[in-house]
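If you check TrEMBL, you get these features:
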type     : residues : note
TRANSMEM : 57-79    : transmembrane segment
TRANSMEM : 91-114   : transmembrane segment
TRANSMEM : 134-160  : transmembrane segment
TRANSMEM : 181-200  : transmembrane segment
TRANSMEM : 206-232  : transmembrane segment
TRANSMEM : 326-345  : transmembrane segment
TRANSMEM : 365-383  : transmembrane segment
TRANSMEM : 485-512  : transmembrane segment
TRANSMEM : 532-555  : transmembrane segment
Amino acid sequence: MKASVAEEEAPMPLKGKGGLKTLPCIMANEILEKVASFGLHANMIVYLTKTYHMSPAAGAIVLFIWGAASNFTPIFGAFVSDSCLGRFRVIAIGCFVSLIGMALLWLTAVVPGAQPPACGHPNDDCASPTSSQLALLFAAFAVMSLGSGGVRPCSLAFGADQLDQKGAPQNVRTLQTFFNWYYASVGISIIVAVTIIVYVQDDKGWAVGFGVPVVLMAISAALFLLGSPFYIKFKANKSILTGLAQVIVVSLKNRHIVLPPGTTHVSFHKKKGSKLTVPTKKLRFLNKACVIRNQEKDLNPDGTASNTWNLCTVEQVEVLKSVVRVLPIWSSGIMVAVVISQYSFPVLQAGTMDRHMGSKFQIPAGSFVVFSIITLTLWVAIYDRLVVPPLSKITGRPRGFSLRQRMGIGQVLSCMATAAAAVTEGARRRKAIEQGLADDPQGIVNMSAMWLVPQNCLAGLAEALNLIGQLEFYYSELPKSMASVAVSLLTLGLGFGNLVSSVITALVNKISGAGGGASWLNRNINKGHLDYYYWILTLLGIVNIFYFLACSLVYGEEGEDKIWDDDSEMKQEDLHSARELPVAV
């Protein structure tokens, strides 16, 4: 995700700075960081349940919270980059913080006494981790989340900074080529992470499996710093998120102001040359933020606000109103984020199924998520070229489906994904019991793990339709300069999706296990009812579809007749950052 664009043009770069020669260091940094971080997350539920003796529910909750933190911190990283330190420093700090976090995680696997004593069988009375052991583990997760908050929001924009030469005849084409390579590298990196890194963890053990990401992250940081003398480093500027916060603060400060029914008798502060001179009547409380109460105290001689935390512009107020307006539809996407964050339990299912391809090779249990990623990537690749042309003839829309139709279809597909997961788990559990494995959670059921592929493909397609549809929806409904806010909204949705997942998991585990009975999310999944858990998610998803339809109906038509100051032109890096391939964590 990207930080917001500086409001003023940066000075011309020095001769010899930037250009294609800087991209190998930037791209290598991004690729290695993605491989290292995603490679750790994909198989982590196995580490938590087998090494730390956590129950599936407890392990999943830990990973949901880790995922939420990793989605929230990039928002703060973008703010710090924009308003304080600049992109280069934030990326550099993020790399080293991530390296420290990965090293801490590696220590949990190699330091004697850093994990509970080994346990021969899950049914044995295994020792629980001590508070100090959990403190080291959770510290590693927290530090890695902080590191990702520095790298992820700035990497794409920093690469664009090196190539974006205003007025150059090949500028747009050069940037487009860079963005295409960037997106391709993200997809390939994640695929490598959930296949090769996971395979190393399964085959060589956790000490080597966690050590490889540490080495990759160290190389990533070193390569990024190696290109430092050649980078274009723009200074930090005011973040657009600061402007939104100012409207809220000033509105509260001026809450005692009584606005007349109309606007003719009120003097509003507007940016010089702005097309927005009077605020709209919607959400009138926010209009108090741009009321000029005293011309001499509130304004400088040039017409600007003497204190931006005491007076905002009409445009700032209308921008915040546009964000508030899309929030109900944004909230309907949280349930989709819940569904696509369900990576932990399928790993445990796959571990009890036949994963062989041929007589010797066995697919790692944590690698089945690759089918979701491949589906998402293929859909993004073929949608414009193969799907839109015939679909546009049928629907009469240039993009085939409207944005909200795509989001709605994505929600339906997410329900289908959890329903398919429930059906598959029901069949797996029945076979386990029929084969006498009810008391043996490590026994291999005579059922191919390829039955898990449909639910992964449906989840990937749901992500491609709904999450990318959300991005384009926010981009179309917000001012062009707020593409970074569109990305931030999506990131927030993913973070809240992880938090909601942790709450649902905790409630299901507690309620289903009340009275001494076996929890649906039992440590022995053959005795539990993971299929019931998936059916609950399906039911919640169906309810959410109706909620989405209600929000969509209230929202009305897409694209209000509002003229923004930035409608004529948009920064190239904002345009493409709004289309960044979303990958749920």
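Any Cβ shown, glycine's included, is placed from N, Cα and C.
Computed from a predicted structure; not experimentally measured.
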Between the stretches 91-114, 181-200, 206-232, 485-512, 532-555, which one has more Cβ pairs under 8 Å with the transmembrane segment (326-345) than any other?
485-512
Let me check one thing: do the transmembrane segment (206-232) and the transmembrane segment (57-79) come into contact, meaning three or more Cβ pairs under 8 Å with sequence separation of at least 6?
no
Which stretch, 57-79, 134-160, 365-383, tops the Cβ pairs under 8 Å count with the transmembrane segment (91-114)?
134-160
